[in-house]
Amino acid sequence: MAEKCVSIKAASDQEDDNIDLETSPDMFRYPDGSVKLRNPHIELMDQDILYHLALGSGSHDLVEMFGDVKFVCMGGTPKRMENFAHYIMEEIGYQLPTGTALMDISQYSYRYSMYKVGPVLSVSHGMGIASIGILLHEIIKLMYHAKAKDPVFIRIGTCGGLGLEPGTVVISDDAVDGLGNHFYSVPILGKVVKRPCKFDKKLVRELKAMADPEDPYDTTVGTTMCAEDFYEGQGRCDGAFCDYTEADKMQYLEGLIKSGVKNIEMEAVPFSALTNQAGIRAAIVCVTLLNRIKGDQVCSPKEVINEYQLRPQKLVARYIKRHLQTKGRLSSFEGHGSMAVKSPRRFKLVQQESQTFE
Ligand SMILES: O=P(O)(O)O[C@@H]1C[C@H](O)[C@@H](CO)O1
Ligand SMILES: O=c1cc[nH]c(=O)[nH]1
């Protein structure tokens, strides 16, 4: 194995590795749009096990299973992403073969959940930077192994709003960490590597254009702060610990608003930086569960929160439908609900009895 290793750039050299997907897309993709992996080791390996997805390049026919993926939608919870899979199936008129139903492709990982509806992958990422970081490594590699062409990644999330009415939809056009940095700092081989946070500007505009003036809520664009924690990291006073005053908190939050921050969540920095690093167009659409200027606790009733969570899904579904319409692919989906698998012992055929969507 050791002799197969080729030299890669030292971690410290990568600090200035600023990338601009819009000005130099060829650096990141093959001419046919498939994802270029910026890791020379992978193609030298006999197989690549995507451990947290319960998939592998040796055990599964990833090209057959995922080669047609165009949209990778992700969000924190398995249930949200299962619901989104059913919702998008209705919206794009995708039909499963009779007697089958969607199944969690990654169920045997017991980590993330993943559903596939034609060109749409719906995946849960858990909470926070570490969890979404691991998922992104494996999903980016999945797109590479599958030879998927120009996949777009969209996070469909929840957040705390800053001065916004609860239920407002925020499309991120920039991401900052808790120190106001526009990059993702990762300690690699004992050195901090900084990867710039960049969203695809065109995708942001396209998503914003999907907001309907008739929507009974606002859809806005702005900077998203990515915190490392839900409580102290987001300036809350209701965690198990708090060494600052309510006045300190308000001063901090008002300062964020002045600098253009519209919402706070916990994944925007690695999401924008790692997709940009991979040359993948990406965006985040979140709904605000509360106005942090008015409080810390998420106290809306469950039904209200559930309805809020549908709002980013609606916007993204409109975008996907519009995209498929322009490509003439809407309503042309049939019979791709079951998945080819090479290892029936570990991974059952991805096909199940029909279930009712709740
Ligand atoms: O996409 P979700 O709603 O899971 O994202 C936000 C950020 C954190 O992961 C989590 C905290 O409640 O919600
Ligand atoms: O305030 C909030 C609400 C949802 N998610 C967050 O990270 N923060």
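Any Cβ shown, glycine's included, is placed from N, Cα and C.
Taken from TrEMBL, the feature domain 'Nucleoside phosphorylase' applies to 70-321.
Long-range Cβ proximity for Thr158 (phosphate binding site), meaning a same-chain Cβ under 8 A and a gap of 6 or more residues, is found for Gly76, Glu265, Cys286, Val287, Thr288, Leu289, Ile305, Tyr308, Gln309. What TrEMBL records for Arg111, Arg155, Ile156, Gly157, Thr158 is phosphate binding site.
Take the CB of Arg236 (substrate binding site) and look out to 10 A: across all protein chains shown you find 19 other CB atoms. In the three-state DSSP reading, Arg236 (substrate binding site) counts as coil. Taken from TrEMBL, the feature substrate binding site applies to Gln234, Arg236.
Cα separation, Gly157 (phosphate binding site) to Gln234 (substrate binding site), rounded: 16 Å. Most Cβ neighbours within 10 Å among the binding-site residues Arg111, Arg155: this distinction goes to Arg155.
The average pLDDT computed over the domain 'Nucleoside phosphorylase' (70-321) stands at 98. DSSP assigns Gly157 (phosphate binding site) to a strand in the three-state reduction.
Closeness to ligand 2 is met by Thr158, these being the binding-site residues among Arg111, Arg155, Ile156, Gly157, Thr158, Arg236 whose Cβ falls under 6 Å from the molecule.
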